[in-house]
Amino acid sequence: MAPPPAVVAHPLSSQATGLDMVHEFNQKLTKSDEHTWESFKFAPIRESTVSRAMTRRYFEDLDKYAESDVVIIGAGSCGLSAAYVLAKSRPDLKIAIVEAGVAPGGGAWLGGQLFSAMVMRKPAEQFLEEIGVPYEDEGDYVVVKHAALFTSTLMSQVLKFPNVKLFNATAVEDLITRKDAQGNLRIAGVVTNWTLVSMHHDDQSCMDPNTINAPIIISTTGHDGPFGAFSVKRLVSMNAIEKLGGMRGLDMGLAEDAIVKRTREIVPGLVVGGMELSEVDGANRMGPTFGAMALSGVKAAETVLEVFDTRKKQNQE
């Protein structure tokens, strides 16, 4: 049985307090006219109802997205920006986002050195305007008062799209590959597992993964780290690319332009964006400025749209 359609609750009025709303609900539930918190009562529920509500929907999503149109690895600022553009441009596409962390957002919850404000160089403010994030205009750059405002807004916008599913606390352990008639490698999906399982392959055995097929993947896993630069490191180990360039030292002026310009399909079926690119090309790191992450995601989405029909046809062969 399909879950019921989502219901959006609207406040009683701009002056309504939490107690007013509780009172209205309690009148419906208990027929009580008491206007106090002491009369408050939740609707009844059984524990198994909660379990079934969660598990049924999750396994329906696993079934639905086992064949996806696009898989995005990494739900940082670049991956979420790509998901937003794709979902808005092509509501017919099934888009699965796979994020190793419990909390999506990557490093975009704070600015540099755990400070609050987020800096973006122009013209990245156009993306802020698109998703409805207010900012202070400082001439050549803009400042969002707290990085979490950008990340939470972008995340909520993405998750509202009916054609997007976020699988967080889920790691990509490998890439699904195919070869064409000429023997050239093409990426055709991802191999997944619970992140906590992925972290314990050294001390536990026989923990096989799951898979998601898709004609094209966007990898935005960040610079080198435990889960970072995953896809491009895997390409090296399977001899699909010769070696990584290695991220260079910090140069904001060079780094942001390079990341956006070089966002591309590295091998057929795999588009790479964000700081993962710096490991491929030997680009500079950019430090605590976030415009390139957002716009690299936008370009990654546009790149997918350009090649999607071709990759989908190949995926059916």
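Quick reminder: no glycine exception, Cβ is built from N, Cα and C everywhere.
The following features are taken from Swiss-Prot:
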BINDING   CYS78, GLU99, ALA100, GLY107, VAL172, ASP208, HIS223, MET275, ARG285, MET286, GLY287  substrate binding site
MOD_RES   CYS206  2,3-didehydroalanine (Cys)
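Burial estimate for the recorded positions (CYS78, ALA100, VAL172, CYS206): highest at CYS78, by number of other CB atoms within 10 Å.
Straight-line distance linking the Cα atoms of VAL172 (substrate binding site) and the residue listed as '2,3-didehydroalanine (Cys)', rounded to a whole number, equals 17 Å. Annotated pair CYS206 (2,3-didehydroalanine (Cys)) and ALA100 (substrate binding site), C-alpha to C-alpha distance, rounded: 20 Å. Those residues noted as binding substrate (CYS78, GLU99, ALA100, GLY107, VAL172, ASP208, HIS223, MET275, ARG285, MET286, GLY287) have their most widely separated CA atoms at a distance of 37 Å. Residues near GLY287 (substrate binding site) in space but far in sequence (CB under 8 A, at least 6 apart, same chain), listed by position: GLY112, LEU250, MET252, ALA255. Taking Cβ-Cβ distances under 8 Å and a sequence gap of 6 or more within the same chain, the neighbours of HIS223 (substrate binding site) are ALA229, MET247, MET275, GLU276, SER278, GLU279, ARG285.
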